[in-house]
Every structure is written in structure tokens, then in C-alpha cells.
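Undergrad: Provided herewith is a single structure, encoded as C-alpha cells, for subsequent inquiry.
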Amino acid sequence: MGLASRAPGKGGTSAGALASLFRVALLFFGLWDVQTQTVANTRPTYIWQTGPWGRCMGSECGPGGSQSRAVWCAHSEGWTTLHTNCQQSERPSNQQSCFRVCDWHKELYDWQLGAWNQCVPVSMRNAGVPRPAVCTRGEEGIQTREVGCVHKSDGVPAEDAICEYFEPKPRLEQACLIPCPRDCVVSEFSPWTSCSKSCGMGLQNRLRSVLAPPLFGGSACPNLTEFRTCQPGKCEGVESLHSLRVGPWGQCMASPIRQARDTGEARVPKAERKAKRDRQARQERQGKRRKNKEKKELRESKGERVRERVKEKKRMRDPETRELIKKKRTRNRQNRQGLKFWDLQVGYQTREVTCVHRSGSTASISQCTQQTLPVTYQACVISKDCEVSEWSDWSVCSKECYDLNGRKGQRTRTRQVQQFPVGGGAECPELEESEPCSPQGEGIPPCVVYNWRSTEWSDCRVDVLLSQQDRRRSNQTGLCGGGVQTREVYCVQAPSETSSNLGSLKSKDALRPVNSDLCLGVPHNTTQLCHIPCPVECEVSAWSAWGPCTFENCQDQSTKKGFKLRKRKIMNEPTGGTGNCPHLTEAIPCEEPSCYDWLLVKLEECVPDNDKVCGPGTQNPQVQCINSDGEFVDRQLCRDAILPMPVLCEVSCPKDCVLSPWTSWSLCSNTCSGKNSEGKQTRARSILAYNAGDGGVQCPNSSALQEVRSCNDHPCTVYHWQTGPWGQCIEDTSVPSANSSISRAVPGTAVNDAFCSVGMQTRKVICVRVNVGQVPPKKCPESLRPETVRPCLLPCKRDCVVTPYSDWTPCPSICQTGGSVKKKQSRKRIIIQLPANGGQDCPEVLFQEKDCDASSVCPGYRWKTHKWRRCQLVPWSIRQDSPGAQETCGPGLQARAVSCKKLDSGPADVAACLKFAGPMPQLTQSCQLPCQDDCQLTAWSKFSTCAADCVGVRTRKRTLVGKSKKREQCKNTQMYPLSETQYCPCNKYNAQPVGNWSDCILPEGRVEGLLGMKVQGDIKECGQGYRYQAMVCYDQDNRLVETSRCNSHGYIEEACIIPCPSDCKLSEWSNWSRCSKSCGSGVKVRSKWLREKPYNGGRPCPKLDHVNQAQVYEVVPCLSDCSQYVWVAEPWSVWKVSNVDLKENCGEGVQTRKVRCMQNTVDGPSDPVEDYLCDPEEMPLGARESKLPCPEDCVLTDWGSWSRCPLPCNVNSTRQRSASPIRQPSERKQCPSTTEKEICTLNSNCFHYSYNITDWSTCQLSERAVCGVGFKTRMLDCVRSDSKSVDLKFCEELGLEKKWQMNASCVVECPVNCQLSDWSSWSECSHTCGLAGKLWRRRTVIQASQGDGRPCSSQLEQWKPCPVKPCFSWRYSVWSPCKSEGARCGEGLRFRNVSCFVSDGSGKDAGSMVDEELCGDLEQTVDGDKQIILQESCTVPCPGECYLTDWTMWSPCQLSCIGGDDLGFGSVQVRSRAVLAQEPENLLQCPEQEWEARPCTEGQCYDYKWMTGAWRGSSRQVWCQRSDGLNVTGGCQSTTEPVSDRSCDPACDKPRSICTEAGICGCEEGYTEVMTSDGVLDQCTVIPVLEIPTAGDSKADVKTIRALNPTEPTANMPGRAGRTWFLQPFGPDGKLKTWVYGVAAGAFVLLVFIVSMTYLACKKPKKPQRRQMNNRLKPLTLAYDGDADM
């Protein structure tokens, strides 16, 4: 393909033919090779094959083992053959030596991982994968590494199998990413500079900087500088070719005099040195006298003579004055003790001056004589490095004990400065260092350990769990169940091992609380759930029936008074014992009492008298002796009772009337008998057969068929003993207070430390008549009188226990830095046990506070500067050769002493000021000794004050001094102005809000409880609060100032509302429903309805019903007694004979009776109820048809009950019932069968029974409980095999197993509301100044919500803005241009100032310069650097030099990313230096431009894209732009660069035609192209647009206007710029052509035709009219009701 693409014309064709021939040849050779292989493979081959190596075997670990493998001969097709078929010489070995690995080798061998190699593109490994033409995100690659098993100790390689035994071999390859090459990105060029020369040939340049370095093999950075020549004009005269160049200042040297003195003293002995010093001193004094004499003679002015006379007078002062002056000087020297740290020696330094040609070569100095030579010397301070002393010994370790937690102390050592650096000497090293330490030596005690302690838990409170609408809030007495209790946690010093038991809660043993910060562990919980046992109410059974009249005491029957008693039992174990139960016995006085009586068990069969077969007879009673409680006793006890007599009866003869047995006595009509009421009982019997005429016993009349007797004849006066509550337990002094005595005194009581003594309790017992009140005690049975006194246990007294007072809190500081607020210190003690049972009360005072002692002012430090010394000049011997120099005047250097002072003016060590007083003042400064011709002026005065703001001016002045007043040159006010004027400041301020509104904050101390109750969960803050917005104040120059300038306190306040939480509101519980079953186990239900959903963080609703989301159910099982409602049948009515034999009164007949459903009671059925309450299947018959026996017929009793079917039910089993003959038949007749049988059929008359267990009920709590421990129940149900529930007795009679637990405890989760701590104090402002400062306060979750408790608020922190304060800071000005004083080029200085700036701290505000006084409180640092540098050396290039610019600022940090996704190669930033030159001929001598990069953090992602400008003719601008809007060079892919030039061939010369970007002629906007047949533009025609007139148009004609959006050209057809019509409707003049009108007319005619035909086809033919018939029905009009079916 490459060959074909490079060969043009015929070359391409011949190459294609050769390629075809080559492929044919390959195909031929391939077929030949296949044929050859086929021939060769016809002969079978045999090869050796091997299996895997087996396990290494050996007697010892390590080398020397052996392993084997299987070797066999196989055919090439895979089947095994004999060994002889394979070449024996090629047989592989089946055994080899190996290394036997043991477990302990794991410590000796390990994998050694090599470094990853360079990332290699996948395309290089896979030759078939082409590399992408355009790199987008990078190229996938693979990198490898070497991995081998080595011996750990010496790194010797070992077999990989050893390491693989323990761990698989790590991977050898991994995927990697080769990032796309990143070209260097540079900024736009700066504007061209001015010409480097004012005349002649010069240079202009423009610069750019590097924004992103080349990465990953990207193209290098282009030139950062562009030059072009310039020539402003011809130079007049000869152009200067030479320039003076100054070199750098040399090393500071001592003056020759000092040097000679120092050198001489070093060689001369001490005595000679002393003599020499005396001689020099005499010479100096003589020299001074000569100089003073000369000066005296030279003095001309009167003022100098006056000063000289003053000095002479001073010399003549008295001795006392001289002594005072001497002491003052001594004191000053002592105050200037800092002088010993600075050995300031003023020396001099020189520099070299050369003359250079503009070509860069050095010339003779004479070539630069036309220029003034600069000064080559200056005074300086001889450089000395910092000198420090040796380190002091380490201080004692700050920790004096052994810390069990391993924490260490600190120890420090220091060194002193002996010589501070001067003259640019080396700075001082660190003067203090510290290190962690532990105390050394023996007998070091362990450190004090602090532990958390807690008070006892408070009483359990249930009220805090009540919801808002709980009705129990109004009456909280008796609440029980789950609750919450709290305690206080405090920190104490843990007791030492030698101390006694301090854990007990004794007053003297309680530990002193300390600061909580000393305890390191997690503090104990301060809240926990608790449980108050709910009182178990006493449950009693129903009253039993009234017993017989019995003696009060059967042992004493002397009195004739007796009582009838009824009793009830206690059904449970009530709280507090049975003493709180209601009375269990009621008594009624009666007459003729007896303790024992005969009970008639039954009457025997009727035996006729005189051994007859029928007729009158007697029934003997069967009796048993019973006591008053109905219990069977010995018959001898009833010897005094009246034995029941035999009862008269009659055995009916065949002709006698037959009566049924008497029914049972009915219930007594009244429970007692009185004046107006008497109890009656009835019983009845019926006629079963009539007598036979005259021969038999006649049937009685109807009145004889019923009997009535009196019952409950006792009076209606019921008495019982009523007990009052037990009184207070009073100590019984007769019983000793020992535990054993307690156990004896109160039987059944376990020994408990909580009880200390035995007491007695009494209660009131009275006799009460029901419904009347108290009566005399004799009315009640004395034997049943409850006890009035009982022993009791007295609980031990428990005193209040408090901790000792804590130590006084330390005063906030030992000194006051300002402010008059008195500091306070406090101490507290904590109640750890509340008093109980009459113990000692707690003290009232638990917190004490007192003022701190008056503290002194904090000992601050400050630098004190002393007077400047005289100005020292460079020695005259050095200066005398310099032109214009004078011996006594010129520039010099002066020094001063600096000392350290306390703020109270006392002296202090210099080290204190170095540490606390900020930077040290300057020690030296340049000075000028004025020469005679110099002008001398005073310093500027302060500006005068302004009378008012914004009015007038203010001035400052200075004056000439000395002879300068007389010199004319000094009177030139332009050179030496004596006054300056400026306008008075005009301060105008305006305030405006800034920032967001704060959170809504309640006023301090405002906590609203819900519903007026301050209980748990109700301490939510809600109600009206305020939110704040900061105010900012600006002056007239829009500079930030203090808010007080705007008369503002810094905030805008606005009222706001914090909504109070509202809990879920449910209705009260409904009444329990009736049990779902009338027999057996069912369920009963009660419910609550949702009244209001929670909002604003209130308690959530409990789980609602899944069907109806607005209801809460509670379901419990219930048991209905199957015998509580019974059918009661009245006696059968008289027979109604249907076929009456008037003679015999017998035959077929009907009997009826009433059957009623009645409620069953202890005494029997009582009140009738609705029939549906009784089981309809068990309802007795209300009518029966039968045959009334005729005389002499056999009369049988009614059928008895059916016998039970044997279980299990079986069709082979039967049941039967029987009847007995009451009247024997005559001899001619027989009795029918007296038994009846039927087959036992399952679920018909035979049933199986089984227990069924109900589901557990919901957890049931006491009505006084909210949550906590409750109980759940379930019940047994006896179920018949036909699924009908029956009485439990059916299952119990069968002895079925009951293996289920009917009751179980359960827990209802307590709805614990979230508990939050109080708000903390407001924090410090997050910013010390600026607009963004915030104050925060926080609270924490003390108790998370549980169950349906109120959830925690999401607002755990609040903020409000800080008052806005201006941000003041010191900033540098820009460096001044480099200036080499006195020369055109060379070494010079540049300067900058440090000024005070104000900003808003946002970083977006550049800041404004303000008075330096506003930064007076700030340490003079710039960007954290305390070393202020206001001048530095620099180089001014000479005209013949080419040099590098200063480094640019570091570029913004930039990430390597694509489309905003970080590629993971880090961030980088770059800076660069460009090349500058001033002479064109020196460009070849320029150095290389430089750039350097460094990694950075928090880089930004930038995208680059091409931007284009509008076409101007055939060209347009194309540039690359970064995503932040910066125009750059590089960064955009060159393959996607848009074209910047376009041209069409042939040229587009048609009107309104343009050359498109595709190089094809097109039309301007609003015009369409008309093309020739060969695709060339013929003309540009206006596109017609139909304009529809609107109501506001005055003209309604159709206009043809230019289109606003003409059809854009498409690239569908080559050679055409866009789509055009084949038939053009417009002519060359823009009007419609004639054929267009014809087409329109034809279309209109066709439309009219289609409409007409459609009308005719759809029109229905007209029907003939008929006469309407009068009897025709009118249609029914139906009203539409909205139903869709209508």
C-alpha cells in the first residue's frame, strides 16, 4: 500500500500487478507444501511423552531430595505404544534431584520483586494492531518486571518451586497507560517595547511566558522573545560607543588605622603595648588639642563661640555635678548591656569601575572620560557571624512519674547568643531544642491515673416518655413501666494501691472531682432506660352461693347465733401482698345454726308397700354428712342433725294415671327475704298417661302439678369486715436489730442489708353492713376478723453523700493584658447519693465562687533604641584620591545600641525581646556629614490639623539650618521645598449588608417547652428567634473600615420562627370488641385512629395497618365459657291428642314447651338473653309428636342421654340410650324396647377432640405504663373434629397433653426522645478579619432516639456572622528599576517599600493602601516572612550585553486531564526566563532561555480549543484558546486546526457571490445559487419570502423580501454550494415566470373538480314524504348523566 501510494501514474498500476503475481506464487507454494506434508505424514511417527513431576521426596529438608515422573512412548495420533517404537537415545529422564521444602523454609525464602519496566505500547507487542492516528486519552501499554525466589539473608536466587510452596508467584505484567504527548503551551506575546535607542539602530522586543511545560514527549517550547530592529532617527554627532560599568562592592574591610593597631598589638609584648598605648594616647591628645585650636581659629559665627563658652563653663562645674554626670553615664552604659552582643566595627568597601564597548569588550577608562566617574568606596559594617554558647544540660523531665499509658514528657536545653550576626553574617541557629523523655532511676512512682466516676442513678421517670397528647400528662401519679433515669459523670483521681477501699459511697471516702479533661477513657452513659414495676391489682373470683346457717365457731356452740357465709378467692398475687385485697367473706345472721348436716345424695327406687307390684310405696334417701363448707365428713358428726325421712311415692298400676318425676327446683326469685320481698322456688311435673276410667288412680288437677317453696329466707342484711390501709412501720424496740432476729421476727423474709430493724404496723378493722355503713363489731363473725397488727421491716437510713469540694479552678491568667473585668474562680461538689428513709439531708450549697486575687500586669517586653552614634566616614587615606572628596564631610555610616526593656521600664535579657518583642530595630543606617556647600534642612513637621472634614487644606513645613540660610542655591524652593500642602481628608461612609442570613437563633436562655411541660424531649428550641446578616462599612474610596464608622453594631436583625415539633396524634383506645367466639378461644380488638400526622420533627406514628394506613390495632385472645349461655326448657305442656279417643283419652298427640337462652351463673341460669348467644345446634326441641299411652299400656320414662361413642370413631361402634318403665302394662300388652342404638358416625354423633393454640397476643402493658416489660398471652382451644370449638372439659376428660406455655414476658420498646446537649458557647470567629467570618456553636446527641421517640434534629450546629473587621496587612510595593549609581550599567540596587493595605479578606479584593498607623498593632511581616527586605542588589545590563529576564511568576497549577477527568499524573506549574538584548549585533551571544517546573497540589483542568474570527476577504484569524479564556500558543491539536485562508479558482466575480470555506463559489445570506449544468455558479438570486399581513399593517399586499435565514450550503453535490430548483420559478429580473401562473390556474381547477365530485358522492337521495301517524310513539329522551356508556 505504501509503495502504491507513493508511485504516481503508471507506477501505481505496475505495482498492483506485481502484488497479484506475488500472491499467486504464495498460493502455489502453500499448496505444494501441504502436498509435501501429506506425503511425509503417511508414515506413522512415535514420540516420547512425559507426565508431571511428582512430589519431592527425601529424608531431610533442603537439597538432596528426588522426584520422578512417568515417561511413555506414544503415537502421534495419541495412543500409547511399546517403548521400543521410540528412539531410546531421545528418551527423557524420569528422575531428578530436587529441593524438599519444609514449613520452616518460609522464614528463609521469599519472592523478590523487581521494579516495573518502562510502559511499552500494546501495538508494539501486537504487530497487527495499528496505532491510533490521533491520541485522545493515552495509549494502552504493558509493563513487566522480574520476580524470583531468593534466600532472604543473602539474596541468593533459589528455585521458584520453594516460594511457590508457600505463596503463588506474583504477577509479572500489568497494564499501564502511556499518556498522550503534551506540547509546550506559552502565552500570547506582550506588546512591542519601545526602541532600545533614541537614535540610531536599536531593538524592539516582545515577550511571552511558559504556561505548561512539554510533557510525555511533547514538542519543546518555542522562542519566548521576538526581536525586531528599529531606528527612531539619525543621531546628531558621534554616537557614544563606550559606557561606564561598575562592579559589585567588595568585602567590608577594617580601616587601615584599626588594622595597623590590631596588627601591632599582636606582635608587641604586654609592657611594650602598654607603653605604646600611652604614647598613642598622648599623641592623640596633642592632635586633638591642635585640631581644637585650629577649629577655634576657624570659627566665625557668633553662635559657635557661644556654644564654646558653654562647654568651657561645663568643664568648670563643681565636683558634685561631675559626680552626678559620671553616675548617669555609668547607668547608661549598664542599660546599654545589649551592646556586648553586637561588636559593630565600621569599615569600608570598594568597587571596580571599568569602561566597556557596546560590543561587550573592555576598553581603557580613558575612553569614558566624558562621563563622571562614580564613587568607588563606601562605609560598611564588618561582617560577623552569629556565635552561640554550648548547649546547656538537659532540663529535668517534665514528667516525674511513670505513665502506664506510655505517654512521655519533655525536656529542653538552651544555648545563649554570644555574638549576634552583623553586616550580613550567618544567622543564629536554634537556641532551644526539646525531646521526649521518661524519668530515669529507681523508685519512680507511677503517674496519677484518673477515672470516670458516676453518681447514683436518679429515680426512674415515666413522664418523660409521654407523648404530647397523652391524657396521663395531667395526672402523673402511679405511672409505671419503662422510664428513663439519669446520672452525673465526673472525673476523679484513681485511688492508689496502698489506699483503703475508696469505692464505697461513704461521705469521707468519696473522691474529690477534678477537671474532666484529665480522664482519657470514654465517659459512662448518663442516661439509661429503667423499669418501675407496675402494681398488680388484686383479682378475686365471683361470690360463691350462700352456705347453710352455721355456727361462728363449731367448737363453741353455746350461742344460738349463726351466720350464712359466702366466699370468694384471690386469683393472683397482688403487689404488696393480700392485705390490699377487698373482703373475701360476707355473712348474714341466721337462726338455728348447725355445723354439720345431712346431704341428700339421691332417692332410691320407689318400693310399693306390702310387697305389691304397684301402688303406694316409699323412697329411701341416700345421705352423706357434710360440714358448712359442703365437704364430706364422718357420719358421726351429723348425729345431732335431723336425718331426712323416706319419701312417699307411688308405682303406677296399669290403669293408674302416670305422672312424670318432679323437675329440679328453679332458681330462687330473690337472694334474700325481707318485708317486701320473699324468695320462692318452683318445680313442676306433667301427666304422662291418663287413668282408665274408674279403675285406676285419678290424675290430679293442674294445681297439683306444681309446687312452690320458700328460699333464701335469710334477711337482706349482709355484713363483712372492712380493713383500712396498713399504717407506717414503727420501730419495735423489743426486737434486736440483728439479721437473724429480723428473720425470726418476720417469717419468710430473707436477710437483706437494706433492712436494719423490725417494726410494727397497724390498721383499722371495722364491721360494715352493705349499703349502710359501719355497725358494731358483734354483727360480724369474730372468728373471721382480720388481724390489726403485723410485724414489718424498717429500711436502713441512707444519708446524703457528696464529694469533697474540687480544687479551686485556676484564675484565667497570672496577669492582666487589659480590661477591667474581674476574673473569678470556682469550685463544686457533687451529690453522689440522695438521702432516703429519714437520712441526713444534702447540703444546700454545692457551688462556690470567688474573685481572683488582683493580678499584676503581664510582663511584656520591648526594644529600646539609644541615640545614633556619630557618622563615621571612610578613612581619608582611601577617599583622598577620589575627585571632589573632602576630608570632613561626605556619606558615612552610623550605629546605635539596642537594649531590651520590660514594659514597666525594667531591664530584661535580650533573649526575652527576641522571643516576645518582634523584630529587632535596625542597628546601622547611612548618614551624611554635610559639606560646606551642602544645603541642610530640618525634618518635616507634622501636618497641621483640619478645622473640618472635606474643608480646606493642611500643611507641613521645614526650615534651612546654619549657613544654608544664606546660600542662594539652598533658597531654590523647587529643589528644596520648605512646605507641602494637601487637601483635608473627606471621610464619607456608607453601610451595606453582606453575606447570607444566619441560622434562626433563639435569644439566650429562651427554651420553650411543649404544652407547658418541661419533660424529656420537650427541650427542643422553638418559637420566635432572630437571624442576622453582617453589615459592612466602606469609606468614600470604597475601602473597608470599622463598622462603628457607619454607626452600626455590625448586624441586621430579622425575626424568624423555629417551628415547634408536633408529635403524631392518635385517638384514645376504643372499647374492646366482643370476643369473636361465644365458645372457646377467640380474639378481641381495640384500635386507635390517626388524628394528625407528625411534622417539624415530631414523634413518628407507630406502624399503621397495611390496609388502612390510618388505624392502629391491638389484638388479644379471649376465652368464652361455653357454658355461660345455656338453653333452658320449661316442662312439657299437656298432651294435645290429635286423634282423640273420647273414651280412653289416648293416642297420637303433641307436646310443646318453651325453650329460652339464659345466662348461666354460679347459682344456675338466671336472666334470659338473646337466642343467638346460645349454640343453635344444642337447642332442645320445643315440640314433640308422640303417642299418648292408653290405659293399661306400658309407660316409659323419657329417653336418657346417649352414651358416648368409643374413640376413635368407628362405623362398627354404636351408642345407645335407654328408658325405664314407669307403669307396667296389662297382661295382654308388652313394653316396647327400653334401649335404642345408633351407629357412631364421625362428625355426626362421634367426634375427635384436639387442642388448638392461638397466636400470641400483642404485648400487653398496664394502663399506667407507656413501655417496658409486659406480657403476652395465648390460649388453648378445644376443637372438635368438625372444627367447632367446644368446652375445654371435652379435651381435659380425654387427658390430652398440654405442652404449650400460655404466658410469656415481652418488651415494648420505649419511645425515647432524642436528647441533645445544651448549645456550646459561641466559638471564636473563624476569620480574624474580613467578610467571611462566622461564629459557630454546637450541640451533641446525648441520647439517640429509640422506638417511636422523637428523632434528633438535623441542626447540630448554628452559625452567625462575625462583625466585619477590615483586614490589614503589610505588603511590598513593586521593585524599582535597577539603578547603578554613577554609571550606566553594572552592579546596582533596586528598592521597594512596605506599606499598609486593607482588604476584605476574600482574596478577590486587591486591597487599598492606607495609613501605616492602622497596621501599627501588626507584626511587620509580609506573607508570613518576618525578614523584611527592602533593597537588593541587581545588575543593569550594558548596551552590548544580552541577558535573561527575571523569573516570571509561577503559572497556575494545572492537572493532566482530558474532558475534566484526571488522568492521575499529578499537577505541575512552571515559570520561565526570556532573553533580552539591546544591540542587534549581539543577538548571537545570547544565552538560552530557561524554564523550570515543579509539582503542585489542587490543580485545575484546562481544555484547549481552536477559535476563529470572521472572514475578511479570503483570510481570517485562527487561534488557540484555553478554557479560562486565555489565548495561548500550543495546547490545541494541529491536526484539527481550521483553515485561515481560502481561495476559489476561478475567482468568484458574480454579484453577491463569495468564496466558501470549501473553496467553492457560493452566495451571500438571503440569496440562492443558480448553477450551470457543469456545476459552476451562474448567478445569485434573492430568496422569496411570503409576508402575511397583520392587523396593524396599513398595507395588505404581498411583499417579497430577503430571507433572514437562507438555505445553508450542503456538501451533498460536489461542485455546488447548495440545493437549487431544477425549474427556476423566477426570471433574471426576480419576477415570476409565465409558466408558474399556468400551473397555479390548473391546480385551482383540479381542486374545484375534486370538491364537487366529493359532494355529489356523499349526498343522500331525498326520500318521499309520508303522513305521520297519530298513534306513533314518541322517542324517549334520555338525559346524559356522564356515564361513558351513554
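Cβ from N, Cα, C; glycine included.
Straight out of Swiss-Prot:
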{"type": "DISULFID", "residues": "C668-C672", "note": "disulfide bond"}
{"type": "DISULFID", "residues": "C711-C716", "note": "disulfide bond"}
{"type": "DISULFID", "residues": "C767-C780", "note": "disulfide bond"}
{"type": "DISULFID", "residues": "C852-C858", "note": "disulfide bond"}
{"type": "DISULFID", "residues": "C1000-C1056", "note": "disulfide bond"}
{"type": "DISULFID", "residues": "C1022-C1060", "note": "disulfide bond"}
{"type": "DISULFID", "residues": "C1075-C1079", "note": "disulfide bond"}
{"type": "DISULFID", "residues": "C1118-C1122", "note": "disulfide bond"}
{"type": "DISULFID", "residues": "C1325-C1329", "note": "disulfide bond"}
{"type": "DISULFID", "residues": "C1385-C1438", "note": "disulfide bond"}
{"type": "DISULFID", "residues": "C1396-C1415", "note": "disulfide bond"}
{"type": "DISULFID", "residues": "C1496-C1501", "note": "disulfide bond"}
{"type": "DOMAIN", "residues": "44-103", "note": "domain 'TSP type-1 1'"}
{"type": "DOMAIN", "residues": "537-596", "note": "domain 'TSP type-1 6'"}
{"type": "DOMAIN", "residues": "1193-1247", "note": "domain 'TSP type-1 15'"}
Undergrad: If I restrict to non-local contacts, at least six residues apart, and a C-beta distance under 8 angstroms, what lies near C711 (disulfide bond) in its own chain?
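TA: When sequence neighbours closer than 6 are ignored, C711 (disulfide bond) has W665, C668, S669, G679, K680, Q681 within Cβ distance under 8 Å.
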Undergrad: Quick check: of the disulfide-bonded residues listed here (C672, C716, C1415, C1438), which one has the Cα closest to that of C1022 (disulfide bond)?
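TA: Nearest listed residue in space: C1415.
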Undergrad: Around the Cβ of C1122 (disulfide bond), how many other Cβ atoms lie within 10 Å? Please give the count over every shown protein chain.
TA: 21
Undergrad: Go through C672, C780, C1022, C1075, C1501, our disulfide-bonded residues, and report the one whose Cβ sees the most other Cβ atoms within 10 Å.
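TA: Ranked by Cβ atoms within 10 Å, first place goes to C780.
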Undergrad: What's the most sparsely packed of the disulfide-bonded residues C1056, C1415, counting other C-beta atoms within 10 A?
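TA: With the disulfide-bonded residues C1056, C1415, fewest surrounding Cβ atoms within 10 Å: C1056.
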Undergrad: Quick check on the disulfide-bonded residues: of C716, C1329, whose CB has the lowest count of neighbouring CB atoms inside 10 Å?
TA: C716
Undergrad: So how many other Cβ atoms are close to C852 (disulfide bond), meaning within 10 Å of its Cβ?
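TA: Other Cβ atoms found within 10 Å: 17.
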Undergrad: Specify the nearest of the disulfide-bonded residues C780, C852, C1496, C1501 to C1079 (disulfide bond), where nearness means the distance between Cα atoms.
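TA: Sorting the disulfide-bonded residues by distance from C1079 (disulfide bond), the top entry is C780.
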Undergrad: Cα of C672 (disulfide bond) to Cα of C716 (disulfide bond): how many Å, rounded?
TA: 5
Undergrad: With the cut-off set at 10 Å between Cβ atoms, which of these disulfide-bonded residues ends up with the most neighbours? Options: C767, C1060, C1385, C1438, C1496.
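TA: Counting every other Cβ within 10 Å of each candidate, the maximum falls on C1438.
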Undergrad: Do you know offhand how many angstrom separate C1122 (disulfide bond) and C1060 (disulfide bond) by C-alpha?
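TA: A Cα-Cα distance of 54 Å.
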Undergrad: Find the average pLDDT over the domain 'TSP type-1 1' (44-103) in the predicted model and report it.
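TA: Mean pLDDT for the domain 'TSP type-1 1' (44-103): 87.
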Undergrad: Helix, strand or coil by DSSP: which one applies to C1415 (disulfide bond)?
TA: helix
Undergrad: Sequence gap of 6 or more, C-beta under 8 Å: which same-chain residues meet both conditions with respect to C1118 (disulfide bond)?
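TA: For C1118 (disulfide bond), the qualifying residues are C1075, S1076, K1077, S1081, G1082, V1083, K1084, M1275.
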Undergrad: Using all protein chains in view, find how many other C-beta atoms are within 10 Å of the C-beta of C668 (disulfide bond).
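TA: A count of 21.
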Undergrad: Helix, strand, coil: count each for the residues of the domain 'TSP type-1 15' (1193-1247), based on DSSP.
TA: 0 helix, 17 strand, 38 coil
Undergrad: Rounded to the nearest Å, what's the C-alpha distance separating C1438 (disulfide bond) and C780 (disulfide bond)? Just drop the number here, would you?
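TA: Per the Cα atoms, C1438 (disulfide bond) and C780 (disulfide bond) stand 138 Å apart.
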Undergrad: In sequence order, which residues at least six apart in the same chain have a CB under 8 Å from the CB of C1000 (disulfide bond)?
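TA: Those within reach of C1000 (disulfide bond), by Cβ under 8 Å and sequence separation of 6 or more, are G1025, Y1026, R1027, C1056, I1057, I1058.
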Undergrad: If one measures from the C-alpha of C780 (disulfide bond) to the C-alpha of C716 (disulfide bond), what distance in angstrom results, rounded to a whole number?
TA: 14
Undergrad: Rank the disulfide-bonded residues C1079, C1396 by the number of other Cβ atoms within 10 Å of each Cβ and report the first-ranked residue.
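TA: Per the Cβ count, the most surrounded site is C1079.
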Undergrad: Using C-alpha atoms only, work out the spacing between C852 (disulfide bond) and C1325 (disulfide bond) and round it to an integer in Å.
TA: 28
